[in-house]
């Protein structure tokens, strides 16, 4: 007899055999967990000053989500007339403080909420990394606590007037993803940029993330393929280190009818600039990877310009 | 005023401002969630037939945990006298079925529980991937449902007599990690193999995972550095694609007084064999990466031989 847990509908919450022994079994079974959180409306009001909200997603870890989020933010903020905010909701693995060169910075509280940390006048950052006493501190939290932190980031941070809010996420389709979508359901999300690498093992997880977007009605802006070939610095030969055995992101995008925003080659200078907290785009602006990034960012700018946030996307 | 959520102790469960609006607030505040789960004892009894239990952990995604777990299992099972089991607790991003060449396989139920899927007579695999109707299906579950699934994998799977149970985990230090450690607290865990890549951005998350191990009293068997240099197939020049800007895993291991089990170079044939569901170790046994893997596996065998599981490690 075959078991298919995916058929456990939410009507089974608290009633399934897997729920036995869970202290929350009764509350789930009662349906009390389904009541809407009042924070959704508070967040909608708080974020009326934020024009565009973009999620950076990937089913798989280590494909370059945080690197992309950081460099998308840097690139958007290179236009002095734009205000950019970067929110890291990877609660257990916050890489954004290091990549943005902000390690050791702390969050301060004012009358209007938590003040984010500023990289430049027009580039604000918030991450749980700023709330830890050491960058090595582990945040050993189950879902509800992570969700509470994400709620606080959205409701209690004083972002001010912002053109673009970029949200960097952890891998998967679980608490952080459901919470960010739920809490932003009143404020509205413009869309999601999906990151992958060329291998099928990565694309498989990315297809799951795309299904997630469909399920929660978040438009997919497009797909970015990272680590797309490596040019040997000595002989200029290109190697496919993570080979696109099933056609890479291009074939997946064709099959799913999604835009491929671009491909970014592997470049050791990207990893180095992330470790050192500097923008790769200003360090080596003429490199093929930086040029690819800038083209992708322009497509995202164009998407946002032509896109008006629906009143209630969820 | 500085906010440090890390100081929220468990005595604050259900009482913190982040808990407002959570339907489980009252049950957490009442302390009812602290009662031990009877499944821990059931799992202890079920797993008396399993000699060694090894977790494969990393704070960061995409560093090669599943690749390592799969190849550790293949290598251990190459000794016909050993029975090996591989459990994938990455509920939202299960890569193990593809890497083990088992896509499309299904789990069957017998009188003694769920039967795992066998790669070979002495190599059994269990993953949520076997329970999905399509490999692209997304498992959009919050923590409690993921924890319920992990409980079922440990309590309800009929593993039989097993020498080594390898547990592949998702990135982070959250529900899956806390649950696997909690549910195995009666049965005992031999130790954890920690996977990283050479960059500081990865090592930072790995240090968090090592703190997690200390906190939950899981011994660290050692650290494996993946993606440690790439040899150009044309000119044989070695490039550090993910540069060890802070000394890589070696310096971290020296600082934390942990064994470095080995370094595995980047090799496109590893990614290709994972996509195609074949063992890299038998495909190209003489490659430097396969030799590095075999040396690491031998160190893990030696660790297990010299190690007797304590009665109650937690």
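Glycine is treated like the rest: Cβ placed from N, Cα and C.
For reference, TrEMBL has these:
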BINDING   A:59, A:60, A:61, A:62, A:63, A:64, A:65, A:66  ATP binding site
BINDING   A:232, A:235  [4Fe-4S] cluster binding site
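Of the recorded residues, residue A:64 (ATP binding site) and residue A:232 ([4Fe-4S] cluster binding site) place their C-alpha atoms 20 Å from one another.
Note: the Cα of residue A:61 (ATP binding site) and the Cα of residue A:235 ([4Fe-4S] cluster binding site) are spaced 31 Å from each other. Neighbour counts of Cβ atoms within 10 Å were compared for the binding-site residues A:63, A:232, A:235, and the top value is held by A:63. Summarising the environment of residue A:62 (ATP binding site), the number of other Cβ atoms within 10 Å of its Cβ, over all protein chains shown, is 26. Annotation: A:59 carries the greatest number of neighbouring Cβ atoms among the binding-site residues A:59, A:64 [cut-off 10 Å, Cβ to Cβ]. Residue density at residue A:60 (ATP binding site): 26 other Cβ atoms are found within 10 A of its Cβ, drawing on all protein chains shown.
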